[in-house]
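Colleague: I have a structure here, written as structure tokens, and I will follow up with some questions on it.
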Amino acid sequence: MFSRRNLVALGLAATVSAGPCDIYEAGDTPCVAAHSTTRALYSSFSGALYQLQRGSDDTTTTISPLTAGGVADASAQDTFCANTTCLITIIYDQSGNGNHLTQAPPGGFDGPDVDGYDNLASAIGAPVTLNGQKAYGVFMSPGTGYRNNEATGTATGDEPEGMYAVLDGTHYNDACCFDYGNAETSSTDTGAGHMEAIYLGNSTTWGYGAGDGPWIMVDMENNLFSGADEGYNSGDPSISYSFVTAAVKGGADKWAIRGGNAASGSLSTYYSGARPDYSGYNPMSKEGAIILGIGGDNSNGAQGTFYEGVMTSGYPSDDVENSVQENIVAAKYVSGSLVSGPSFTSGEVVSLRVTTPGYTTRYIAHTDTTVNTQVVDDDSSTTLKEEASWTVVTGLANSQCFSFESVDTPGSYIRHYNFELLLNANDGTKQFHEDATFCPQAPLNGEGTSLRSWSYPTRYFRHYDNVLYAASNGGVQTFDSKTSFNNDVSFEIETAFAS
């Protein structure tokens, strides 16, 4: 129970000027790690929120709040990243403990980047506004992960802790494991009870809840728990708001899952009670590393979007968490625009011309299922003109963006598969829709448009050896070469050869 002094302090901390970590501090459960690319989580914080690295010259810079306690300076990012690409290389810890999150190393599973590291996130995949001010979240595709295996002050063993994260309830999958929280220091699976992390997704391999998901669950290692029992727990609802508050806490023989809409309303308790009655979970053996977007053993097949989150020392009360939720709602998260520069109109038919010098007579076309570039002009055959013409439709996975249907093969769309662009029939699956959705942005070379993958925002339409790929600006694939990248990912939008 709170003393009168702490109740008064909590009431003061819940004012608009306070941040989530001020509220936890007033509740005697201070933040030991605080991460956000969108805003300061303390009213007095004015330091760096995150670090960017741009693709043009690999220079880095840091992004801070516009004012102490305020929203991130998105304009500084936009200026730094103009006409190139940017990755988020560090998410800084605001607590003062130095628990920064950096590119996750290999562990039980290798990542897809150099030397088995996980990928870094695009800086522009999750635009939002907070109280009308632009900011960017962390859109994490499969293979993306951040970690700190040498964290300070985080709970170990059976010590009590709490945590929350603001996540996107529309961006998820059923792979392991989109987590934020406490994990192993070795990046390997060291056994049941060695983790305590928030999970959001629709995996049913271990635990699951009511409906089709996604669900907030707790990753305690070797199991995702949605309640007291392994497997199904009806008290854990599907939660698919654009902005989800997920709150988890654990102590000696107790733990809880709470959640709600981060844009309105209060938190609900989905489970609060004793630890799971299975070997390894009571007492717990937490190790104190911090992960984001991955499992404790570096399982990296999951996807999701992270906006802010903290970890605390001590088991926060429901009252404290309720006040934090009020603060989050007061931040007024709203989804931002995924589109910039010249755009498209759903229903129009276009041809897309290469702008790379020496290749400007070539257009995006297809030969059977292979998407490529071919020389096309008014004297070309009707067949080739149709193969180089595309009907623009509203994005199959996101209505802000677009999908491209073949004129000569109705019902088939450009999609990425293993980062090659293919023409495949729409099979109606969530995976296909995500693979076939692309967001136009201001062209990186100033000509036409650049088309960014919605599901892998580090990757763009790129012609390479006359074949189309979803390519990044530098990377492990041959077609990720930085040479001529800006030209190769920029295409002029022209009247279609055929309709």
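Glycine residues also receive a Cβ, built from the backbone N, Cα and C atoms like all the rest.
For reference, Swiss-Prot lists these features for the protein:
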- 19-335: region 'Catalytic' (REGION)
- C21-C31: disulfide bond (DISULFID)
- C81-C86: disulfide bond (DISULFID)
- C176, C177: site 'Cis-peptide bond' (SITE)
- C176-C177: disulfide bond (DISULFID)
- D297: active site, proton donor (ACT_SITE)
- 336-499: region 'ABD' (REGION)
- C401-C439: disulfide bond (DISULFID)
Colleague: Run through the Cβ atoms and count how many others sit within 10 Å of the one on C31 (disulfide bond).
Modeller: 28
Colleague: Need one number: mean pLDDT over the region 'Catalytic' (19-335).
Modeller: 99
Colleague: What whole-number Å value do you get for the CA-CA distance of C177 (site 'Cis-peptide bond') and C21 (disulfide bond)?
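Modeller: Approximately 26 Å lies between the Cα of C177 (site 'Cis-peptide bond') and that of C21 (disulfide bond).
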Colleague: Which of C21, C81, C177 has the fewest nearby Cβ atoms, counting only those within 10 Å, among these recorded positions?
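Modeller: Least crowded of the recorded positions C21, C81, C177, by Cβ count within 10 Å, is C81.
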Colleague: Pop the Cα-Cα gap between C81 (disulfide bond) and C176 (site 'Cis-peptide bond') into the table, whole Å please.
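Modeller: So the Cα of C81 (disulfide bond) lies 32 Å away from that of C176 (site 'Cis-peptide bond').
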Colleague: Please classify the secondary structure at C31 (disulfide bond) using three-state DSSP.
Modeller: strand
Colleague: Say we define neighbours as other CB atoms within 10 Å of the CB. Which of the disulfide-bonded residues C401, C439 has the fewest?
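Modeller: Lowest Cβ count within 10 Å among the disulfide-bonded residues (C401, C439) is C401.
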Colleague: If I take the alpha carbons of D297 (active site, proton donor) and C81 (disulfide bond), what is the distance between them in whole Å?
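Modeller: Counting only the Cα atoms, the answer is 33 Å.
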Colleague: Counting only residues 6+ away in sequence within the same chain, which have a CB under 8 Å from the CB of C86 (disulfide bond)?
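Modeller: Looking at Cβ-Cβ distances below 8 Å from C86 (disulfide bond), excluding near sequence neighbours, one finds L52, Q53, R54, G55, Q77, F80, S122, A123, I124.
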Colleague: Let me know how many other Cβ atoms fall within 10 Å of the Cβ of C176 (site 'Cis-peptide bond').
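Modeller: Around C176 (site 'Cis-peptide bond'), other Cβ atoms within 10 Å: 22.
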Colleague: What does DSSP assign C86 (disulfide bond), in three states?
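Modeller: It is in a strand.
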Colleague: Run through the Cβ atoms and count how many others sit within 10 Å of the one on D297 (active site, proton donor).
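Modeller: Taking all protein chains shown, D297 (active site, proton donor) has 23 Cβ neighbours within 10 Å.
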Colleague: Please report the Cα separation of C31 (disulfide bond) and C401 (disulfide bond) in Å, rounded to an integer.
Modeller: 38
Colleague: At the level of the C-alpha atoms, what whole-angstrom distance separates C401 (disulfide bond) and C81 (disulfide bond)?
Modeller: 21
